[in-house]
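Student: Below you will find the structure I want to go over with you.
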Amino acid sequence: MTTPAYKRVLLKLSGEALMGDDPYGINRATIERMVADVSEVAKLGVELAIVIGGGNIFRGVAPGAQGMDRATADYMGMLATVMNSLALADAMRQVGITARVMSAIAIEQVVEPYVRPKALQYLEEGKIVIFAAGTGNPFFTTDTAAALRGSEIGAEIVLKATKVDGVYSADPNKDPDATRYATITFDEAISKHLQVMDATAFALCRDQKLPIKVFSIVKPGALKRVVMGEDEGTLVHV
């Protein structure tokens, strides 16, 4: 068997990815398929941490939050990520994968608090760590949480799972001539105004020299191919 390209990775999942074809919430078939993909990577011996969004349940910047205090709306979004994290961990448990949910906000009866040395210990033991509640602060996205946690745990790369199979020169849904970049530098992405992550998350990854791989979570086997270092998605690097 070929050796994986990475030993420790941070996977960023959007909450919307859990919806499947449903208008909101968690689609069971979709989460089971995601867990199967994660299981394939875990079997390779790759240490895997996950940050998940909450947009399938609530978004602090969504129309439903209009008129609401932004900080309050963001806290509600953090709670949504805890719900998603619990669902993901439970789906993993049912197929024999040991996962630990660690929250940036204290909900100790439900999940344990995020403590960096403990998270590192879990990863070294071969457990999957799911980081919930974003950064624990309002006004920061879960993309920023992914960049932050990835930096903290010494991940070699942030894997940003999306609905498109990489970064394109233009919106592929609108422009038939849009081309996918196999690799692109952080500075090139900025100069071309390409939306990879929000500005705070992107700047943190660039400053920490933490590469980002953008790939499609809906494409079968894509996660494993990314971890094996194959030509899948777009690599954003220094």
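Don't overthink the numbers, they just go from 1 along the chain as shown.
Including glycine, each Cβ sits where the backbone N, Cα and C put it.
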Student: Suppose a student reads Swiss-Prot and sees GLY54, THR135, GLY136, ASN137, PRO138, PHE139, PHE140, THR141, THR142 listed for UMP. Which of ASP37, ASP69, ASP74 should they find annotated at that same site?
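Tutor: That UMP site, as Swiss-Prot gives it, pairs GLY54, THR135, GLY136, ASN137, PRO138, PHE139, PHE140, THR141, THR142 with ASP74.
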Student: Do me a favour and check the Cα-Cα span between THR141 (UMP binding site) and GLY55 (ATP binding site); whole Å is fine.
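Tutor: So the Cα of GLY55 (ATP binding site) lies 11 Å away from that of THR141 (UMP binding site).
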Student: Are any of GLY54, THR135, ASN137, PHE139 (the binding-site residues) within 10 Å of LYS12 (ATP binding site) when you go C-alpha to C-alpha, and if so which?
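Tutor: So the list is empty; none.
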Student: Binding-site residues SER14, THR162, ASP171: which have a Cα within 10 Å of GLY54 (UMP binding site)?
Tutor: SER14
Student: Do you know offhand how many angstrom separate THR135 (UMP binding site) and SER14 (ATP binding site) by C-alpha?
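Tutor: One finds 15 Å between the Cα atoms of these residues.
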Student: Could you list the residues of the same chain, at least six apart in sequence, whose Cβ is under 8 A from the Cβ of ASP171 (ATP binding site)?
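Tutor: Non-local contacts for ASP171 (ATP binding site): ALA178.
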Student: CB neighbours of ASN137 (UMP binding site) within 10 A?
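Tutor: For ASN137 (UMP binding site), the count of other Cβ atoms within 10 Å is 15.
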